[in-house]
Amino acid sequence: MPESVIAGIPVHFPFEPYNVQRDYMEKVIICLRDGTNGVLESPTGTGKTLSLLCASLAWIRTRQSEHQQQMIKLKATSKEGGPGSGPGGDLSELAMTVGQANNWGVPKVIYASRTHSQLNQAMRELKRTAYANMRSVVLGSRDQLCIHPEVMKEQGNSNKVNLCKLRVHSKTCTFQLRVESKKDHPDFRGPSIMDIEDLVRVGQKLKMCPYYASKELVAQADITFMPYNYLLDPKARKANKIELGNTIIILDEAHNIEKICEESASVQIRSSDVAMAIEDVTHIMKVFTSGESQEAGGDEPKDFTLDDLTLLKEMLLELEKAIDAVVVDNPTDGTTYPASLMYELLGKANFTYGNCATIVALLDKLVQYLMVASQHMTIRKGGTFTMLSDLLTIVFANKENIMSKVHLSFKVHVQVEESNKQQGKSGATQGKQQGWLGKGNITTTGTSSKAAKIVNFWCFNPGFGMEQLLNTQVRSVILTSGTLAPLKPLIAELAIPVAQHLENPHIVDQSQVYVKIIGTGPDRQQLISNFKNRDNPKYISSLGQTILNVARIVPDGLLVFFPSYPMLNKCVDAWQASGLWADISCKKPIFVEPRGKDQFTSTMEEFYQAIRDSKGAVFMAVCRGKVSEGLDFADRNGRAVIITGLPFPPLKDPKVILKRRYLETNRTKENQLLSGQEWYNLDATRAVNQAIGRVIRHRNDYGAILLCDSRFQDASQVQQLSKWIRGHLGARPQSSPFGPIVRELRQFFKHAEETMKQPDVREEEQPLMNVCKVEEVGTLPVIPTIKQEPGNNATFRKANKSAIKVEMANSINSWTPADYASAAGRTLGKAAPNAMDFMSRLDSNVSSIDFNCSGSADSGSGGCGSSSLVTIHKRERSSPGVTDTVATQTTKKRYKLAENIKTEPKSNSSQQVKVAPESRADFLRELRSLISQDQFRDFGKVLIEYRSGTDENFESLMTVLLDVLAAPKMRYLFIGMRRFLRNEHKAEFDVRLASLNLAQESSPNKRIP
């Protein structure tokens, strides 16, 4: 890989870095070198994640080398002094021992992001770098990593956690018991980077718990990947053995970091939660006194006593009474109190700083007990105890010596609990009246006469979480995202010292992006999605007409983002009633973002499939939804994005009101906090920036950004857009009439298709071991084509003749449809995820494979005559109608067969040649089922080495292929490998294949052209 010296550090990058990437890596290295913090913005598609990983790990590797040199010198000094030569020699020996044990002076990297999907993407980026052999680990939840069949049957993450803890504590989990003996197994400690799916696969193979095994890797890892909550939650850090001293913290996708910090310090408790906890304690006490304990909990001695339960019940009853006594002046919106109210409520029930840890430990023991008891009787599994434990942990995490800051940063908001939530409350009251006797005040708590309440303990100062992070003596904190601007207010809110700032421009040229504000629709109706106008049928109709006209012009994928789900649903209903929906569907099939995970995954796959049709597709989604936050719509998947409105938070929401009030109260000239209104506007604009970032994904990408809300003309609103977008709008952005925009948009795409490089195979890309997408058994994959409506320019007509097409040609790796399917964890078959899915990036979706043609795809006749031996034909699609659907189900692949190609000696009767599966996943599964494990491992190794690009590697690959696949019954797989080779090696491959046929077949064999 090319090496560049950046800020004095040699950095290996998969290709020659662009200037924006150099600038970014320089800032990262300076932060690490000086032990300072940085806030770095670089637009989506500029290679931010790749630059971040390469720069940080290059610096770590340099420090490791320096450390090794220091240890060698120290060892040499110790030898010169001789054994027992005095205090100096002993000190050197001690220092050397400590240095070896603690990797003395070499920091480690913690890479945190919002979701595991984003972490998987980062790990895939790391796999294609020169630092792929550095020690890494990813931390996941039990829900993702547990392989115990009984635990996985549990509904809800908390139940899985508690049952897992129970089995580990009782030493009845065989998977966890094998961790100690299997943790040094080569498959687990090997050099390859393992993501969540890889950990599960190895765990299943070794019958070892992936969850607990991953923790064994943390201490020795150079880089640890984890979600935000593992890092920001002190309890999670302790549970996962995460030490932050002398650590580099990288917070990627940090545009939501303020909210995440606030939410991690906030908590809620309901009256019904307390009532059900009382009922659960009462039930356990009844079991104790009735002699049922052995039947319910087994013969093991309990970790708690009847006195413990009595005391806890008294405390819970007092807490319930205290909550009931809180006055709610406004039953509709609730009443706000100072933060001190929470401490007063807990104090009345004798929950204090002094006994918090003891009570939390008791609650955890009770949860374990109920998990066992639930195996023998119908009973709740202690969810309310978990809620109480979280409440005490979060509230008392704020030390007594900072209570003045707590009172400024927190508020208590009390709401009336809905009546349908009070069933548990009334049930608890009955339980108290009929349950364990001896406490005369049980029936006098007054719960029946008081309205149940929700007590919210809300944090409005994100600096609280960041301050706790800095207090752990971390070396550096780097916050980065594509949409951090404006940086000053962000830094002010987080209250951390920042030495390095960066707002990178985009990597694309101005001519590759078309940005316009559309203030009126085709009928000159104002487009403004404010509260007053959202129910205006004229506005909704005009917006639909706008989308229809844009859909007629934009090729391939069109994304439409709405401010909220209610607005999306309102527009869909209106357009379906008026016929606009059908009109848009005639131009492009429409997909709507669903909320369910399974539906979402299948909808995305259908959308990506529809893009392969010449008409493309429309995807309607919501700002801040799943589509806007993590998916890649590069190249044809997204040629334009329409923003239909600004997604402001609900103005009357109590939390929004209190956040604005907090900013206004604490804002000074010195701290540069935003005003309440500025924060309100910025929250909406950042969501817009994220949605816009789905489209332009790499240097050769192009697309249009259409802001269909007249409020985007406001200077204050424009200033909060990303810097690279502002450059396209000018100093005084104004909306243009709809007619000229349509003409300009048509001209933009015509020019882009004529001048821009269309997606092609990326030769230098390194193989990735992605989890393969498993397709449904029995369905025929639609062979994609790149064809356009009649009248489009020659670029697409020429592209349609190509033998191999791919969807993405980014020099900067980003999400693809296959990546999305694996990140979502969706597998339709039962095959385990395959770490050897090294083919997933060697090419992409194939539209036409001619195994016999080595001529140019651009030649007039296609380069192959009628004597072609094996050809898989494209199926042209004209419309998504019923006829097409039937064709999809019934049309089989057609093959041209030559009489002199045989898989094995047969009679003279015509036989159809077996063809390698088209899907990479199916190809790998079939290959693995036919060869030994050692052969498959050798096959994977040489294929990975082949990607380094030398002819020697090609020879090694051919040697293994001929050894493994040369037999007549395996010949179809040998031929199928051709599509995964680089173009310069295909001719030689054809020669080898022809020679193989001549040597093993008795009949003459024509060389494949």
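Glycine is no exception: its Cβ is also placed from the backbone N, Cα and C atoms.
Positions annotated as domain 'Helicase ATP-binding' by Swiss-Prot: 7-322.
What Swiss-Prot lists as ATP binding site is S42, P43, T44, G45, T46, G47, K48, T49, and the listing cites sequence analysis. Around the Cβ of P43 (ATP binding site), a 10 Å sphere holds 25 further Cβ atoms from the protein chains shown.
Under the heading [4Fe-4S] cluster binding site, Swiss-Prot lists C146, C164, C173, C209. Within its own chain, C173 ([4Fe-4S] cluster binding site) has H148, C164, R167, C209 as residues 6 or more apart in sequence whose C-beta sits under 8 angstroms from its own.
Annotated motif 'DEAH box' per Swiss-Prot: 252-255, in sequence order. Within its own chain, the motif 'DEAH box' (252-255) is flanked in space by residues 48-49, 52, 111-114, 118, 122, 479-484, 686, 689-690, which lie at least six positions past its ends and keep a Cβ under 8 Å from the stretch.
For S42 (ATP binding site), the Cβ neighbour count at a 10 Å cut-off comes to 27, with all displayed protein chains included.
Cα spacing between T46 (ATP binding site) and C146 ([4Fe-4S] cluster binding site): 36 Å, rounded to the nearest whole number. Other Cβ atoms within 10 Å of the Cβ of G47 (ATP binding site) number 28 in total over all chains.
Cα to Cα, C146 ([4Fe-4S] cluster binding site) and P43 (ATP binding site) are separated by 36 Å.
In terms of DSSP secondary structure, the motif 'DEAH box' (252-255) contains 2 helix, 0 strand, 2 coil.
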